[in-house]
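Feature annotations, courtesy of TrEMBL:
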{"type": "ACT_SITE", "residues": "D262", "note": "active site, proton acceptor"}
{"type": "BINDING", "residues": "G141, R206, G207, G231, D232, G233, T234", "note": "ATP binding site"}
{"type": "BINDING", "residues": "D232", "note": "Mg(2+) binding site"}
{"type": "BINDING", "residues": "T260, V261, D262, M305, G306, R307, E361, Y423, T424, I425, R426", "note": "substrate binding site"}
{"type": "DOMAIN", "residues": "133-447", "note": "domain 'Phosphofructokinase'"}
{"type": "SITE", "residues": "G233", "note": "site 'Important for substrate specificity'"}
Amino acid sequence: MEAGEEDISAAAAAANLRNDAHQQQQQQQPPVTSSNITCFNNNSVINLHSLTHLTDYLPHLQTHVNPLDSIPFFHPISGFYLSPTDVIFRNILFDLSVSAGTSGSATHHLQRLDSYHRAGPRKHIYFDHSHVRAAIVTCGGLCPGMNTVIRELVVGLWDLYGVRHIFGIKSGYRGFYSASTDPVPLCPKMVHDLHKRGGTLLETSRGGFDLRLIVNAIENRGYNQVYIIGGDGTMRGAVKIFEEIKRRKLKIAVAGIPKTVDNDVGVIDRSFGFQTAVEMAQQAISAAHVEAESAVNGVGLVKLMGRSTGHIALHATLSSRDVDCCLIPEIEFYLEGKGGLFEFLESRLKQNGHAVLVVAEGAGQRLIPRSKEAAEGQAGKDESGNAVLLDIGGWLKSELKKWWGRDHPEEELFTVKYIDPTYTIRAVAANATDNLYCTLLAHAAMHGAMAGYTGFVCGPINGNYGYIPVEEVAGANNVVDTNDHKWAWVRSVNNQPDFRRT
């Protein structure tokens, strides 16, 4: 075969899978149980990350025709219903030179193409809508869009699937078993304008995870769909809940909806609330820029969220164009000496008369002096099990003032204006983009649970929504790759140091 006629094996395999899916739908057969499917051809292996289906351990469940078929003003189009053989590739960028060899050549490389089930409605479902008792819980810190997810789960289950027993669990995981909190019955009227408000209707908390008590409460209250909204720590708890429910062989679908304003959840393109956070962060940067520009030798210092990743700081820096230096947890910076932060600021102040610094909360933790207990690894942890971070913003402000007082004449003016918008950002309502995103996430989770999938997280993968095993998301991190183009763009925009000692 000539190079121009070379078989694009991955696309062909995906096309075959899709044809099989449509044939199955036309025959109106119930969905097959998902399994780990691998397709071999000349150049690639397609590895489908399998999902758990309720029929994996309850093989005789009855199926039902999706009630979307019976809604008089809703007419599913051809291809609307998906099957387990509709997939999304995790990676869509390839080096064609790697796969240019033939199968018999010494230079041939077999490419592994990881894929996930596409999210969306299925022709057949595994729950009778009149028997569904759905529970929705929010855990961890606040994030723009939490109320939107709650609203769309309630409205979607009620209007699309006819579910009438939907309950909100207050106070996070402990709300399942706490004697002081009762489940809140939810209906569309209660949540009609919820997407316009920040925070969470259901209240939230960290910690409180007791596996036995939680699963006992889920079983005793008759919940058969559980929607868990939270970050990586919450998803680790969801893994344990899912595994215990599976061990007890209960007909309960567990769906995770990843929430972290830091955008540190792995596998998916982004987490909800992130774009709202970047938009709000720009307002803080603009204020810092005004303060700095209006003072003699003014420095605006902004601390943004980002415990282990600097996505908010990075994107806000690229968006604002007012930032002179962006400091994130993924880079080790230093203050003194050639190539250090102080030398860079000295140059920028002489050049412009002002400067703006953005620092993620998890950056520079090794630079801050610690107590004896912290130095010995006995630093405190919050209720989610995360190490309590030292205040990089307050420390950096203090160090900047010390540096200026030490190295400059007393009569030379210098001002640092420090802004920490953390709680302002967390508490706002989602913007239009995040509201749309939260709607799609809620619907994806709802469709997956009704179709009998369990132990999954939904989210966009290369722009298409998919179902990912919850244990995979719980163990994956999304850190800033300082060797990729985005970080190179940051440095090209503000010309900041690379902080590599020579």
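Note that Cβ sites are derived from N, Cα and C of the backbone, with glycine treated the same way.
Unlike curated records, TrEMBL annotations are generated automatically.
Sequence-distant contacts (6 or more apart, same chain, Cβ under 8 Å) of G306 (substrate binding site) comprise D262, D264, I312, A313, I328, P329, A360, E361, G362, A363. Checked against T260 (substrate binding site) by C-alpha proximity, the binding-site residues G141, G231, G233 yield G231 as the nearest. Spanning the residues T260, V261, D262, M305, G306, R307, E361, Y423, T424, I425, R426 that the record associates with binding substrate, the maximal Cα-Cα distance equals 17 Å.
Of the listed recorded positions D262, E361, the Cβ environment within 10 Å is emptiest of other Cβ atoms at E361. Within 10 Å of R426 (substrate binding site), counting C-alpha to C-alpha distances, fall the following of the binding-site residues G141, R206, G231, G233, T234: G141. Of all the Cβ atoms in the protein chains shown, 26 others lie within 10 Å of the Cβ of T260 (substrate binding site). Across the residues annotated as binding ATP (G141, R206, G207, G231, D232, G233, T234), the two Cα atoms farthest apart lie 13 Å from each other. Across all of the domain 'Phosphofructokinase' (133-447), the predicted model scores a mean pLDDT of 93. A simple Cβ count within 10 Å picks out one of the binding-site residues G141, G207, G231, G233 as the most packed, and that one is G231.
Least packed by the Cβ count within 10 Å, out of the binding-site residues D232, T424, is T424. On the backbone, the CA of G207 (ATP binding site) and the CA of T424 (substrate binding site) stand 23 Å apart.
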